[in-house]
Amino acid sequence: MNGTEGLNFYVPFSNKTGVVRSPFEYPQYYLAEPWQFSVLAAYMFLLIVLGFPINFLTLYVTVQHKKLRTPLNYIPLNLAVANLFMVFGGFTTTLYTSLHAYFVFGPTGCNLEGFFATLGGEIALWSLVVLAIERYVVVCKPMSNFRFGENHAIMGLALTWVMAMACAAPPLVGWSRYIPEGMQCSCGIDYYTSRQEVNNESFVIYMFVVHFTIPLVIIFFCYGQLVFTVKEAAAQQQESATTQKAEKEVTRMVIIMVVAFLICWVPYASVAFYIFTHQGSDFGPIFMTIPSFFAKSSSIYNPVIYIMMNKQLRNCMLTTLCCGRNPLGDDEASTTASKTETSQVAPA
C-alpha cells in the first residue's frame with residue numbers, strides 16, 4: 001500500500017520512513033509545502049467572503065419582495081440555504097484547519113465538516129433534479145390539466161432534503177465514514193479504503209449509483225425532452241411569444257446551472273471513483289485536494305447564475321442594494337408576468 005491507514009484516517013503517503021503522523025494531531029507539512037496550505041486557506045477565505053453575501057442577499061431580497069415568492073423560485077432559494085450550510089459548516093472549518101496544516105478539530109469535527117459539505121453538495125444536485133423535472137412538467141406538459149403550484153414546490157423541496165440526508169447521514173451512524181482527504185484539511189467520504197467493519201465499499205457504490213448517476217440521467221432526460229419541445233413549439237407557434245420567451249429564459253438559466261455543476265463536480269467524482277477502484281495505488285495529496293476545493297466553488301456560481309439570468313430577481317436586488325431605487329429603471333419589472341406565467345401553463 002502506498003498510503004498509511006489509521007483508525008480514523010488515510011494519509012496518501014507511505015510511512016516507510018516513519019514521518020507520517022495523525023492528521024488530527026500534527027501538521028502535515030510532509031505532504032505539501034507550508035505555502036500550499038496558505039493558498040488553500042486563502043481560497044477558502046475567498047469562498048466565504050463571496051459565498052455568504054451572495055447567498056444571504058438572495059434570501060433577504062426574496063423575503064423583502066413578495067413578487068419573488070413564487071413556487072418556481074423555491075428551489076433556487078433552497079440552493080441558497082444549502083450553500084449557506086456549506087459556508088458555515090464547511091468553509092469556515094476548512095479555513096481554520098488549513099491555517100494549521102492539519103484537522104485540529106479531531107474525528108468529531110471531521111464528521112461534522114464532512115456531513116455539511118456532503119449535505120450541501122447533494123442538496124444542490126437534487127435541487128437541479130427537481131428543477132429539471134419542474135421545467136419538464138411545465139414546458140413539455142406530459143400531464144394535461146396540470147397546474148404547477150405551491151404544494152408541488154414544497155414536495156420538491158422535501159425530496160431534495162430527504163435524498164441529501166440519505167447520502168450525508170449514513171457515515172455518521174456506521175455505514176462508511178468521514179475522513180480527512182487530500183492534504184488532510186477537509187473531510188469527505190472514505191473512498192480510499194475497503195474498511196469492512198463499516199461496509200465502506202457498498203456505501204460508495206450506493207452513493208455513486210443513487211446519488212450521482214441516477215440524478216444525472218434524470219436531468220439529461222428532462223432537458224433533452226425540454227429542448228425538443230421548446231424548439232417544436234417555437235416552430236409551430238403553438239404558444240404566445242411572451243410564454244415562449246419566458247420558457248426559453250428559465251430553461252437557459254437552469255441548463256447553464258447544470259453545466260456549471262458538472263464542471264465543478266465531475267472532476268471530483270471522477271477522481272474519487274478512480275481512487276475507489278485503485279485502492280492502494282500511488283497518488284499524491286494534491287490529486288484529491290484540487291478537485292475537492294474546486295468543487296466547493298459551486299456555492300458561488302449557482303446564485304451568480306441565477307441572479308444574472310433572472311431579470312426579476314436582479315431588478316429587486318438592485319432596488320434593495322440602492323435603498324429602494326433601481327438605477328436601471330423599472331423596465332425589467334415587466335418580466336414578472338412572463339416569469340410567473342410559466343408556472344400556470346394551460347393544458348396542451
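Glycine is no exception: its Cβ is also placed from the backbone N, Cα and C atoms.
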Identify which of Cys185, Cys187, Cys222 is listed by Swiss-Prot as the disulfide partner of Cys110.
Cys187
Using the topological domain names from Swiss-Prot, determine whether Asn8 and Cys140 lie on a common side of the membrane.
no
Argmin Cα dist to Lys296 (N6-(retinylidene)lysine) over the recorded positions Cys110, Cys187, Gln279, Cys322, Cys323 returns Cys187
Within its own chain, what residues at least 6 apart in sequence put their Cβ under 8 Å from the Cβ of Cys187 (disulfide bond), listed in sequence order?
Phe103, Cys110, Asn111, Glu113, Gly114, Ala117, Tyr178, Ile179, Pro180, Glu181
Starting from the Cβ of Lys296 (N6-(retinylidene)lysine), draw a 10 Å sphere and report how many other Cβ atoms land inside it.
24
Taking DSSP as the reference, which of helix, strand or coil describes Gln279 (Zn(2+) binding site)?
coil
